[in-house]
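These come from TrEMBL:
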type     : residues                                                      : note
COMPBIAS : 1-22                                                          : compositional bias 'Polar residues'
REGION   : 1-36                                                          : region 'Disordered'
DOMAIN   : 25-247                                                        : domain 'Cytidylate kinase'
BINDING  : GLY29, PRO30, SER31, GLY32, SER33, GLY34, LYS35, SER36, SER37 : ATP binding site
Amino acid sequence: MTSPDSPTDVTAPTEGQASTGAVTVAIDGPSGSGKSSVSKAAAQRLGLAYLDTGAMYRAATWWCLDQAVDLTDADAVAAAVRAMPLVMGVDPAAPTVHVGETDVAGPIRTTEISTAVSAVATNLAVRDELRRLQRAEIDAQRDPSSLSQGRGMVAEGRDITTVVAPDADARILLTASEESRLARRARELHGDADAASVAATRDQVVRRDADDSTVSQFTVAADGVVTVDSSDLDLEQTVDAVLAVIAQVTGTHE
Ligand SMILES: Nc1ncnc2c1ncn2[C@@H]1O[C@H](COP(=O)(O)OP(=O)(O)OP(=O)(O)O)[C@@H](O)[C@H]1O
Ligand SMILES: Nc1ccn([C@H]2C[C@H](O)[C@@H](COP(=O)(O)O)O2)c(=O)n1
């Protein structure tokens, strides 16, 4: 349960994937690097669907706690996640997360879930199941009748460039210094980035990344993955930098 995914832990491209004309963009990076904000904006500007795979791990954690599953019981957690009625809404203008009839978009962002999620995300059977669902979402957006009308999807997380979609047309590692990431998260959660706010945010950024790194490699770009460092860029500049990489490697423009 603790061996990191390496670039060799790669699923071979499915036959025919490259010939549909759809574009798949894979973006990975550590906590607070800007994956969600940047991926959503890039998807909107390109007319692509958007998949937040971190939200899927968060929803799995919410579901296990809701079902009173002991998070230290790996088999029980895996069984619960296989039975989870998860529905991801992939419109980048209004992404949604439902478990059954329950809208969990808010509940999955609580400190309780942020603190517990790594326990679920490091369960390898859970990862197998959620990766299967993620590949199905990516494949669905290659269909002309899909939300993106077959234009494709931006999917972001920790193992999208390496394991879920190593065959993506554009693969990007979005990084930022630990200092920038802590300050961003502190501002988001506490309204400022003073010493107390940064200290209160450290567990959600640094400890979580350390735990998540035991099963995924998201700090060093794998072969063929382009690094975009956003430490000294604002959000808009980062979106532009990511769009420039996508245009360069796929020819896809706004
Ligand atoms: N380049 C940037 N400059 C300044 N702030 C940014 C930048 N990118 C993102 N942010 C802000 O940083 C915060 C974290 O961004 P975001 O949630 O997109 O990161 P993330 O990588 O998806 O994090 P996590 O993996 O923990 O969910 C948000 O408040 C966002 O608006
Ligand atoms: N592909 C992914 C996506 C996310 N995770 C883990 C890592 C995080 O602790 C958790 C929540 O992600 P976030 O919403 O903070 O991006 O899910 C992962 O292991 N693999």
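Start at 1 and count along the chain as shown; that gives each residue its number.
From the backbone N, Cα and C atoms, a Cβ is placed for every residue, glycine too.
Automatic, uncurated: that is what TrEMBL annotation is.
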Secondary structure at SER37 (ATP binding site), reduced by DSSP to three states: helix
Among SER33, SER37, which are binding-site residues, the residue with the most C-beta atoms within 10 angstroms of its C-beta: SER33
Env. residues of ATP site, Cβ within 8 Å of mean position of GLY29, PRO30, SER31, GLY32, SER33, GLY34, LYS35, SER36, SER37 Cβ: VAL38, LEU174, ALA176, ARG181
Distant-in-sequence Cβ neighbours of SER31 (ATP binding site), under 8 Å, six or more positions away: ARG181, ARG185, GLN204, VAL205, ARG208, ASP209, ASP212
Taken over the domain 'Cytidylate kinase' (25-247), the model's mean pLDDT: 97
In three-state DSSP terms, the structure that GLY29 (ATP binding site) belongs to: coil
Surrounding CB atoms that lie within 10 Å of the CB of GLY29 (ATP binding site), all protein chains: 29
